[in-house]
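Participant: Positions annotated as domain 'Cytidylate kinase' by TrEMBL: 7-219. The ATP binding site annotation in TrEMBL covers G11, P12, S13, A14, S15, G16, K17, S18, S19.
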Amino acid sequence: MLNKGSIAIDGPSASGKSSLARALANKLQWVHADTGALYRAVALSLIKASLAEATDNILCKHIKDQTISYNIRDNSTRVLLNGEDVTDILRSEEIGRTASRISQIPCVREYLFHIQRSLGEKGEVVMDGRDIGTVILPDASLKIFLLADVRTRALRRLSELEQQGIPGNLRDIQNDLEERDRRDRTRSLAPLIQAPDALLLDNSHMTIEDSVKWILQKLPN
């Protein structure tokens, strides 16, 4: 079993990265770090300031005045925005769309890079995102690239929203996911790609428990 290692899970939006990473971290009794939540916290900050559509220069100036951090509680990470725990209000589609757009902006990625890297280097962490195995933790003990077909992902996202009492439309969600996929894969800075040494896992027809078992079998001794 890994000791003081790290596991990187990358994949497109709504592929189940966070749910899988959380379950895996619980199994290993490690910390789970959802890096997408950091981008959503930045997005929330911009929306609150009515700057979601601002130019990159204005956006970057705004971010410098914000404090975003992780707080570890019961082996999971809570996201703080200027000292306030905003973890439970980050899952709306508006925040998700804004987060996807700003994730392409260099100053945003630079601002969040060190937060992610410093946590990952502490070890015993399962970190999920879109560039963990390629940029944030290139030396991770195990790297997983997670896939699921877009309709399955749309259904998962719709279910997630419904559980939170947030209305959603399946077709709109699927169209949005396809647009995010295009943007993530074609951006010039840290595009969504499978690391050469990452294992590919298509979980379209797998439960979280099945996926956890699959990964546990791949752990180096």
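Just so you know, glycine gets a Cβ as well, placed from its N, Cα and C.
In TrEMBL, annotation is done automatically, which means it is predicted and not curated.
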Participant: Excluding near sequence neighbours, so keeping only residues 6 or more apart in the same chain, what lies with its CB under 8 A of S15 (ATP binding site)?
Facilitator: L146, L147, A148, R153, N203
Participant: Can you list, in sequence order, the residues of the same chain other than G11, P12, S13, A14, S15, G16, K17, S18, S19 whose CB lies within 8 Å of the CB centroid of the ATP site?
Facilitator: L20, D128, L146, A148, R153, R156
Participant: I'm checking region-level scores; what's the whole-number mean pLDDT for the domain 'Cytidylate kinase' (7-219)?
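Facilitator: Result for the domain 'Cytidylate kinase' (7-219): average pLDDT 94.
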Participant: Which ones in the same chain are close to K17 (ATP binding site), with CB under 8 Å and 6+ residues apart in sequence?
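Facilitator: Residues satisfying the criterion: I9, D10, G11, D34, G36, D128, G129, L146.
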Participant: On a count of neighbouring CB atoms within 10 A, which of the binding-site residues S13, S19 is highest?
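Facilitator: Answer by Cβ density within 10 Å: S13.
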